[in-house]
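Okay, structure first, notes after.
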Amino acid sequence: MAHTLLNDTFLRALLREPTDYTPIWLMRQAGRYLPEYNATRARAGSFLGLAKNPDYATEVTLQPLDRFPLDAAILFSDILTIPDAMGLGLDFQAGEGPKFAHPVRTEADVAKLAVPDIDETLGYVTGAVREIRRALTDGQGRQRVPLIGFSGSPWTLACYMVEGGGSDDFRTVKSMAYSRPDLMHRILDVNAQAVAAYLNAQIEAGAQAVMIFDTWGGALADGAYQRFSLDYIRRVVAQLKREHDGERVPVITFTKGGGLWLEEIAATGVDAVGLDWTVNLGAARERVAGRVALQGNLDPTILFAPPAAVREQARAVLDSYGNHPGHVFNLGHGISQFTSPDHVAELVDEVHGYSRKLRSGAAG
């Protein structure tokens with residue numbers, strides 16, 4: 001049966017093609033701010049019970065789409081699936097965030113690292129991708145919106161692997177980077193190979209765009225960022241399948257705190273660059289000069305403001321970018337668990353409505 005994508009606005013925006021309006025999706029759009037997500041998570045018993053069960057992962061992936069007219073679905077998973085598949089023993093303790101039972105800190109630890117067999121260790125992820133694609137598609141082969149796959153970046157994965165969890169200052173991983181760069185590069189090399197294989201497996205399973213989350217790239221100094229993060233993102237991008245089933249598969253990279261390096265990130269071969277809220281979107285568009293699309297960049301805490309302020313700030317982001325192709329509206333980071341779903345509805349409505357006016361010249 002031929003498959004038809006009913007809403008391809010997101011994919012066309014990533015490829016800098018004209019669209020009738022600005023598409024929107026939200027980082028962490030399936031998450032704790034939704035009561036239905038919390039109900040599903042309670043049934044699953046734990047976060048990992050949710051993420052590692054394709055049925056539950058599919059259910060929560062679709063929840064925000066059933067509530068809001070978003071323009072893309074994103075696979076429900078976690079960025080730490082790869083190091084978990086490497087045998088580091090991922091666990092989530094209530095109120096503590098992710099922890100690894102076996103952090104990577106010594107020469108012997110690094111020597112044991114290997115690229116995991118994706119089918120064998122991460123089949124639950126590719127299974128979820130296939131199941132979500134089916135759930136997005138009706139009996140006539142019509143798919144509602146595209147599905148985004150994702151991974152953490154090699155550096156961001158290394159931060160958690162070496163620290164053994166989250167960190168305020170990343171002193172353990174940074175100390176390794178400066179005192180034993182040979183070990184750091186060995187970790188990053190394995191991670192880059194694993195991330196590329198993982199994203200390609202998601203593409204083969206049906207992901208129609210992929211995103212690399214470099215959450216902690218901005219923790220690095222200039223120079224160190226290029227050596228320990230950007231170079232390895234470039235390696236990943238060079239290995240990715242850019243076409244599947246006759247369709248292009250766009251690639252997005254997001255470095256939180258990476259606005260300083262926008263031009264360099266845009267030169268890695270990606271189709272789009274995600275931006276946090278510290279960057280002026282109009283200036284960023286001029287800096288990349290049409291080489292890539294841009295994704296972002298509303299401060300997620302604006303969603304705590306009254307609806308009129310949410311709408312005003314959404315218009316400000318759209319006005320900053322201007323009436324040009326190549327913009328995907330998003331937050332500058334993941335949505336807070338304390339956000340009101342009603343305010344998200346206001347945001348999505350304003351982005352769609354106001355961007356249509358911009359296209360027609362009726363805004364103002």
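We count from 1, first residue shown onward.
Backbone N, Cα and C atoms are what each Cβ position is placed from, and that goes for glycine too.
If you look up Swiss-Prot, you'll see Arg28, Gln29, Ala30, Gly31, Arg32, Asp78, Tyr160, Thr215, His333 marked as substrate binding site, on the strength of sequence analysis. If you look up Swiss-Prot, you'll see Asp78 marked as site 'Transition state stabilizer', on the strength of sequence analysis.
Between the CA atoms of His333 (substrate binding site) and Asp78 (site 'Transition state stabilizer') there is a gap of 15 Å.
The two recorded residues, Tyr160 (substrate binding site) and Asp78 (site 'Transition state stabilizer'), show a Cα separation of 12 Å. When Cβ neighbours within 10 Å are tallied across all protein chains shown, the highest count among the binding-site residues Arg28, Arg32, His333 belongs to His333. Neighbour density around each Cβ, counted as other Cβ atoms within 10 Å, peaks among the recorded positions Ala30, Asp78, Tyr160 at Tyr160.
Among the record's substrate binders, Arg28, Gln29, Ala30, Gly31, Arg32, Asp78, Tyr160, Thr215, His333, no two C-alpha atoms are more than 23 Å apart, and one pair sits at exactly that spread. If you measure from the Cα atom of Arg28 (substrate binding site) to that of Asp78 (site 'Transition state stabilizer'), you get 10 Å. When secondary structure is read from DSSP and collapsed to three states, Ala30 (substrate binding site) falls in the coil class. Cα-Cα distance from Asp78 (site 'Transition state stabilizer') to Ala30 (substrate binding site): 12 Å (rounded to the nearest whole number).
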